[in-house]
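Enquirer: Residues annotated as domain 'Radical SAM core' in Swiss-Prot, with sequence analysis given as evidence: 38-256. As annotated by Swiss-Prot, [4Fe-4S] cluster binding site applies to C53, C57, C60, with the evidence given as experimental evidence. Residues annotated as [2Fe-2S] cluster binding site in Swiss-Prot: C97, C128, C188, R260.
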Amino acid sequence: MAHRPRWTLSQVTELFEKPLLDLLFEAQQVHRQHFDPRQVQVSTLLSIKTGACPEDCKYCPQSSRYKTGLEAERLMEVEQVLESARKAKAAGSTRFCMGAAWKNPHERDMPYLEQMVQGVKAMGLEACMTLGTLSESQAQRLANAGLDYYNHNLDTSPEFYGNIITTRTYQERLDTLEKVRDAGIKVCSGGIVGLGETVKDRAGLLLQLANLPTPPESVPINMLVKVKGTPLADNDDVDAFDFIRTIAVARIMMPTSYVRLSAGREQMNEQTQAMCFMAGANSIFYGCKLLTTPNPEEDKDLQLFRKLGLNPQQTAVLAGDNEQQQRLEQALMTPDTDEYYNAAAL
């Protein structure tokens with residue numbers, strides 16, 4: 001395998017300082033070398049266990065330390081989760097992500113988590129989970145169940161991290177990513193723009209991700225969703241061009257990774273989202289609820305896809321599953337119906 005050069009902070013900073021149009025041009029060139037620019041990977045995210053998290057992440061309404069009005073819920077029943085996955089697939093998603101508000105999963109919950117993964121995989125969907133810190137044995141059990149992706153974000157640079165989270169160290173996050181990788185699961189890891197970080201911190205986050213032994217296959221870039229009751233509720237809004245720059249730099253630094261527009265899309269107008277796609281974003285979360293915060297409704301996403309000439313990307317599915325292509329095409333051509341997946345109703 002050819003040696004992959006490591007990025008330096010000065011190199012990343014230079015990218016952030018480029019004139020915006022030059023940066024977008026470079027990012028689009030890199031993107032076209034590795035991906036079909038008209039294809040966007042579509043995922044659906046479901047909160048399978050909501051609230052009462054012991055962590056103190058200052059941006060998160062699921063923390064038990066903040067009064068956000070969010071009601072805590074127990075781990076969902078397996079069949080409830082699988083029914084949501086069926087609706088997600090019917091609406092055109094190809095990856096189903098399951099998130100639980102835990103510091104780490106309990107051993108007693110592992111059999112249910114394994115059943116969820118197996119059930120989602122049996123539908124021909126890719127399966128993704130985000131459950132907090134994993135042990136080696138837990139990562140291996142999820143891998144054996146067929147889990148495709150595990151999400152565990154670094155959130156920000158190592159230098160700024162302590163201003164946002166104190167209940168989990170940066171090294172713990174890196175260790176979990178290593179255990180996931182060693183178990184044979186693909187890594188999904190990114191961060192948040194708008195925490196109060198500097199451009200140098202954004203560069204530091206992307207530096208950490210790109211310089212992992214193997215960069216994440218999926219890199220979600222979130223725009224802070226300010227939730228009343230959290231310590232960051234009064235943070236300044238993120239400048240759209242700053243966010244677009246972050247997407248573009250991520251694309252250049254991790255040319256073969258999927259760069260996902262995640263939380264915060266509800267706050268973006270169509271023009272900002274279009275520029276993010278131009279900057280190299282090629283994955284979105286689809287549907288109107290992203291764990292506990294709003295996300296654009298499917299029909300708005302499909303309308304934007306039509307305007308921009310974008311298509312949902314297909315993924316490898318199980319043999320005998322011939323409905324996927326038809327459903328993806330139908331999702332693009334059919335106006336909004338009651339059958340569209342609506343996570344907010346769960």
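Just so it is clear, glycine is given a Cβ too, placed from its N, Cα and C backbone atoms.
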Enquirer: Might you list, by sequence position, any residue in that chain lying six or more from C128 ([2Fe-2S] cluster binding site) with a Cβ less than 8 Å away from its Cβ?
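Expert: Correct list: S43, R95, F96, C97, M98, L147, D148, Y149, Y150, N151, C188.
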Enquirer: Within 10 Å of each Cβ, count the other Cβ atoms and name the one among the binding-site residues C60, C97 with the highest count.
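Expert: Counting every other Cβ within 10 Å of each candidate, the maximum falls on C97.
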Enquirer: With the cut-off set at 10 Å between Cβ atoms, which of these binding-site residues ends up with the most neighbours? Options: C53, C188.
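Expert: That would be C188, with the highest Cβ count within 10 Å.
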Enquirer: Using a 10 Å cut-off, grab the number of neighbouring Cβ atoms around the Cβ of R260 ([2Fe-2S] cluster binding site), all chains included.
Expert: 23
Enquirer: Note the Cβ centroid of C53, C57, C60, the recorded [4Fe-4S] cluster site, then list each other residue of that chain whose Cβ lies within 8 Å of it, in sequence.
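Expert: Going along the sequence, the neighbours appear as E55, D56, Y59, P61, Q62, S63, A101.
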Enquirer: Which of the three DSSP-derived classes (helix, strand, coil) applies to C57 ([4Fe-4S] cluster binding site)?
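Expert: SS state of C57 ([4Fe-4S] cluster binding site) = coil.
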Enquirer: Check each residue in the chain of C57 ([4Fe-4S] cluster binding site) that is at least six apart in sequence and keep those whose C-beta is under 8 Å from its C-beta; list them in sequence order.
Expert: S63, D155, I164, I165, T167
Enquirer: For C97 ([2Fe-2S] cluster binding site), what is the secondary structure state per DSSP, taken as helix, strand or coil?
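Expert: Strand, per DSSP.
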Enquirer: Would you kindly give the Cα-Cα distance separating R260 ([2Fe-2S] cluster binding site) and C53 ([4Fe-4S] cluster binding site), rounded to the nearest Å?
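Expert: On Cα coordinates alone, these residues lie 25 Å apart.
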Enquirer: Quick one: what's DSSP say for R260 ([2Fe-2S] cluster binding site), helix, strand or coil?
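Expert: R260 ([2Fe-2S] cluster binding site) sits in a strand per DSSP.
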Enquirer: What's the CA to CA span in angstrom from C60 ([4Fe-4S] cluster binding site) over to R260 ([2Fe-2S] cluster binding site)?
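Expert: R260 ([2Fe-2S] cluster binding site) has its Cα 19 Å from the Cα of C60 ([4Fe-4S] cluster binding site).
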